[in-house]
């Protein structure tokens, strides 16, 4: 019954804000048409608003879960029009706070301690309130030196899980209906969108997980002059309550306060871009909700000329697969070099596009997207916009994107927005390019490869005894002709020649890999004998021969 009433309310809101065109061509359209006479007409003020603004207002009226839905939907620029996405980014996740005494009870249940024991003080008036949780100021009991440390406690809203479950169930039903009946369902992919929203909200409901995210990010940026991450107080953290060191700073979009504090905004903007690319390509762990409200600037007067960001809210973090990380970095470098052919090839090699796509068509599409940008002043070029438009054009060729890449698009857009607000003349290309080049150089250096091999030494040692037997078995199959093909035509002759070349490449690659394994084993065993630097000479010889074999295999593509 509650679901029916909730669906009825959603229908009324859709009609009042004139959003029924979104369901055009579906059975829901007929029901909405029948209900239209019984719903008050939109005011003249609403009627003149753009479709994006009307959708934003409707989501705000439907409540905090739908606000969160709109915020997540704003990241799906591959699915919704740009004007609607821009409007949805204005959604503010601010709601009326719940009772402070209720927050106190939730903290006590979560920690298994009375608040008066766990904390020296706990302010029942929240510092901030959002749809999932709210934040309270507190102090810890005195430490050995008698110091009472200031902290903030993030507390989940009461009954929030039940409310989210009910709204998500309703969204799943609506998504199924749209998928079955909407003429553009294959492009919109409604069930995929709802599943993504459900996953994001589920992650935000576990504050212990958020604490783990903060802890990992802090470890990556320990001692950095570019980014500070508050410490997690694990003794006072549980699934429904997260305690963090209290930090003080200036919101990154409060330009007046930044100027009053004497902050070097130009240096700060460049740091923001560098931090983002380092998180993505060095750490593979990036803050994926990096809007201005979650990025503060350290207000310490001593940091005016060397400013530092402070990260807040770690509910949504992003990670890429190693393949996506590599292909994305190569894509950016191809954009820098205006190598449209390479862009097209990378989209196919990454598995984002079907292998039967014509590379020359994709190359022409990439050129049509990028060339107009290259005619603009450098301060107006947006890598995020180029990437989004590339992916949007590629949709015509059945583009398949992982949710993490979509999350990265949104984060890059936010970071560029923050950077340009701090420094309108920020040349993102000039800042990003050397960072990418350095990270790629370090990532694929021989020293790093050897270090990674040594980390995997136990696994290599476990499987190494089986390798000769497996290689011998495979080669024996080739010699005995178990994969021979009876050639009957010139096309099959060409295929046979290709297979022979492939066979030679595979054998060369296996040999090269084996030699690299030997190099790693020798490096890990620290044998007696000559050393070059800290690496045994025989490791250099074996590793060099293995690298040469792999290079030969690669060149024979």
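Just so you know, glycine gets a Cβ as well, placed from its N, Cα and C.
Over in Swiss-Prot, the protein carries these features:
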DOMAIN    121-509  domain 'Protein kinase'
BINDING   127, 128, 129, 130, 131, 132, 133, 134, 135, 154  ATP binding site
ACT_SITE  289  active site, proton acceptor
TRANSMEM  506-526  transmembrane segment
TRANSMEM  535-555  transmembrane segment
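Shown on the structure are the features that Swiss-Prot records.
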residue : record                       : DSSP (3 states)
127     : ATP binding site             : coil
133     : ATP binding site             : strand
289     : active site, proton acceptor : coil
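Residue 135 (ATP binding site) is 17 Å away from residue 289 (active site, proton acceptor) when you measure Cα to Cα. In sequence order, 154, 155, 156, 157, 160, 207 constitute the residues six or more apart from residue 133 (ATP binding site) in its chain with CB-CB distances below 8 Å.
Same-chain residues that are not part of 127, 128, 129, 130, 131, 132, 133, 134, 135, 154 yet have a Cβ within 8 Å of the Cβ center of the ATP site turn out to be 97, 126, 155. Cβ-based crowding with a 10 Å cutoff singles out 131 as the top-ranked of the binding-site residues 129, 131. Mean pLDDT across the domain 'Protein kinase' (121-509) comes to 83 in this model.
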